[in-house]
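Per TrEMBL, the features are as follows:
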type	residues	note
ACT_SITE	Ser351	active site, nucleophile
BINDING	His191, His300, Glu537, Tyr576	Zn(2+) binding site
COMPBIAS	46-71	compositional bias 'Polar residues'
COMPBIAS	73-84	compositional bias 'Low complexity'
DOMAIN	99-585	domain 'Neutral/alkaline non-lysosomal ceramidase N-terminal'
REGION	44-90	region 'Disordered'
TRANSMEM	12-33	transmembrane segment
Amino acid sequence: MAKRTFSTFETFLIFLLVMMTGVTVALLSLLFITSGTIENNKDSGFLTTQSPPATQGSSTPQGSTLTQGPADTQGPTATQASPTPSTPEPTLFQNFSGYHIGVGRADCTGQVADINLMGYGKTGQNAQGILTRLYSRAFIMAEPDGSNRVVFVSIEIGMVSQRLRLEVLNRLQSKYGSLYRRDNVILSGTHTHSGPAGYFQYTTFVLASEGFSNRTFEYMVNGIMKSIEIAHTNMKPGKIFINKGNVDGAQINRSPTSYLWNPLSERARYSSNTDKEMLLLKMVDLNGDDLGLISWFAIHPVSMNNSNHLVNSDNMGYASYLFEQEKNKGYLPGQGPYVAAFASSNLGDVSPNTLGPSCINTGESCDNANSTCPIGGPSMCIAMGPGQDMFNSTQIIGRIIYEKAKELYASASQEVTGPLASAHQWVNMTDVTVWLNSTHTGKTCKPALGYSFAAGTIDGFGSLNFTQGTTVGDPFWDSLRDQILGKPSEEIKECQKPKPILLHTGELSKPNPWHPDIVDVQIITLGFFAIAAVPGEFTTMSGRRFREAIQEEFATYGMPNMTVVVSGLCNVYTHYITTYEEYQVK
């Protein structure tokens, strides 16, 4: 009997059938994961870290009501102002011109094994131990009579999830009544890519986390709560000083081609394609004794690359470690009264890997529009830090940041004075009308992830050899998506142009919504200083435009010369925010 042979077309059909079967099985497995496979039975044997005893005086958080999502996400609401606190508070000092200040720090490390690391979205990058502990650092600032107060919390995690924020707010309300609310409490992630995942409720991030971990979620919530409680307990009269200056040698733009698409006249106003400015708040008591600092600087904490398996706080965490060890002499790391937070800003296109991208197989540069190598493609194009390895690079970049903060801290002399205020608003980002000019408007739509998303960055490439800067879809991947998830609507494809849609997440709702539609934006002011809390990663130029827009708005209300800082990764995660020009090519 003659041997049966297959034509090229038949072979391709068989291959495609096998591929679709494999993808279907994988997605069904992931669907099972999203139902809560990492719920962590008490006897499961997961390796976890135990929080050390508090060294600043704290009480155990009371109660726990898990919140799945915002209770009022049916539509945006009016901006929430600051009501008079209903919880009785001790009379604060009234005969001084400064503020009432409290600082606190608490461990929020959580699991250090058997959990994925959050940031790179790399399958198999699971925690296998610990390099540094992770901390939540809280700062409470109140007017002398206690009528208004604001809270800023910098947390050494990838980003703040909506589920995490809502649970913290619920517990704060249970403990303090209306004293701490969604309008006057900012939660900001440092954006380390080496912290545990598993604390999200939206499907996209649950898949990236390889499930939800109630154990990690509780560690994070408890750590954040404890840091706020410590700050609340330790409040004392003090003063705040502000300073700013440029940091050199710590960052590069990892999307320089996209940056060049911004108008030449706009680029000419700046000396660099990254935001080099560090802004710092110095806090002291009335005797001039140090209390703490908050520093904002635009840099990705990705000195530790996606081959890392140790939980750690990366370069910004190392800067905090150095500053706190300097001020808390004689204390172990994570202990002592002084608290130094190095918070995130408009870091979307900023890398600490200052040697830039090169092909690891040939050594040639791959600093091109697609970040790809002639041999091996994008997976060979990786940016390197200044050190001998990622551990050394983390220390070098962290020390540069620390040294600049130390300089600014020592010379800070401009006092921040004036009333405190806070505001918060839910915004339905799928239905915002934007005036393009005096006669034309544009409208936002539901979220979607493009091909460039799957490509990753020069700091951590994607798993399937997608290419950055892709502006045309691929029939093979589009067909697989359509068969498994359904086709994206014409409306979302038209709205998202020129980005080719890989995953139309805004139109997917099983088993849960894949992306947030309604996000919260927030601003708090201390006299002439404003913190704009944003739920995502602004690029260098989009952050600059955002700051200027806020300053112009303040000026129309008779408040010119406001100092504005963009505080990133706050309250909920919405990926990257670019300029219109950058979006056309990225």
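Using N, Cα and C of the backbone, Cβ positions are placed for all residues, glycine too.
A gap of 5 Å separates the Cα atoms of the residue listed as 'active site, nucleophile' and His300 (Zn(2+) binding site). In the predicted model, the domain 'Neutral/alkaline non-lysosomal ceramidase N-terminal' (99-585) has a mean pLDDT of 95.
According to DSSP, Tyr576 (Zn(2+) binding site) sits within a strand segment. Secondary structure from DSSP puts His191 (Zn(2+) binding site) in coil. Shown in sequence order, Gly119, Gly158, Met159, His300, Pro301, Met316, Ser344, Leu347, Glu537, Gly568, Leu569 are the residues of the chain, 6+ apart in sequence, with a C-beta less than 8 angstroms from the C-beta of His191 (Zn(2+) binding site). The number of other Cβ atoms within 10 Å of the Cβ belonging to the residue listed as 'active site, nucleophile', over all protein chains shown, comes to 23. Surrounding the centroid of the Cβ atoms of His191, His300, Glu537, Tyr576, where the record places Zn(2+), the chain contributes additional residues within 8 Å, namely Ser344, Leu347, Gly348, Val350, Gly536, Gly568, Leu569. For the binding-site residues listed here (His300, Glu537, Tyr576), the lowest count of other CB atoms within 10 A around the CB belongs to Tyr576. In the three-state DSSP reading, His300 (Zn(2+) binding site) counts as coil.
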